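Enquirer: Sharing a structure, written as structure tokens. Questions coming.
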Amino acid sequence: MKKVCFSFVIMVIALIAAGCGAEDTGTSEDGEGLKIVTSFSILGDVLENIAGERSSVTYIVPIGEEPHEYEPVPSDFQAVSDADVFYVNGLGLEEWLQRLVENTSDVDVVEVSPTIDALPLEESDGLDPHAWLDVKNVMKYVEVIRDDLVERDPDGAEIYVANAEAYLQDLQELEEWIHDQVTTIPEEQRTIVISENAYRYFGEAYGFDTVGIWELNSHEEGTPGQISRVVDIVKELDLPAVFVETTVNKSFMTTVSNDSGVDIAGEVYTDAVGLEGSGAETYIDMMKHNVDTFVSGLSQ
């Protein structure tokens, strides 16, 4: 009797754990596809566009949390153990990755960024992981993912190839739209000031300078010296606006705004898509939201 009760308790704990952590964004209707896990919501959306209904997609880091220093929960380890493949951004984004995969059963880990011309960090060793903020880089992600899925699941190849082609067309249209929108901002005002200096890929692609209080969210954040430096830059450039991210403590940029006398023009999505109802639930929609926010704030 004690053995039965103990087993029941374990089952209940497992069911509770399954309800936390990894987020399921879709399911395979025919059960013949792959069980895909990825690290964060932006990649989750990209993968859903390619996998369609052929394969299920789950992401680890919940929307609203930043992926650099995420702490995996028990259900994340189980999700990765159960997966056919685990797609990650790479470039040092998932600092918790080794800890996760070392404590799960064997799973193929695939970085989606091997064809990216990665930018080196400016203040420390390593690479800037935020390559997805340049749409052309996400198009490279799509090609890597498509080819890997076709190899893993040949029976679904036609679906993956067709979905990838349609999504690449959508991304190309987004790329052209961004370039058109940017032209409305005076060149001397094309500087993005934000907490984490994550928009360097965006800046190089679309003609912006970028300034951050700190370089990466996992580094030392928001020291008085860092804030003072950014305030001086905002004043010197006579910028009309600064910005905050949805996944970062806003108090630091509030201090910059107060000390410089420059308004915070709005929130942008950097490390995650938006929650349902935000209008930024997909990668494409979040990029459109960000560009609209930059244009509105910097065109004053």
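Cβ coordinates come from backbone N, Cα and C, glycine included.
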Enquirer: Given that Swiss-Prot annotates His68, His130, Asp271 as binding Mn(2+), state which candidate in Glu188, Glu196 belongs to that site as well.
Expert: Glu196
Enquirer: Among the binding-site residues listed here (Glu196, Asp271), identify the one with the smallest other-Cβ count within 10 Å.
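Expert: Taking Glu196, Asp271 as the binding-site residues, the minimal 10 Å Cβ count falls on Glu196.
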Enquirer: Report the member of His68, His130 (the binding-site residues) whose C-beta atom has the most other C-beta atoms within 10 angstroms.
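Expert: Buried the deepest by this measure is His130.
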Enquirer: Using the centroid of the Cβ atoms of His68, His130, Glu196, Asp271 as reference, list every other same-chain residue with Cβ within 8 Å of it (recorded Mn(2+) site), in sequence order.
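Expert: Along the chain, the qualifying residues are Glu66, Pro67, Leu93, Pro129, Ala198, Leu216, Asn217, Glu245, Thr247, Thr270.
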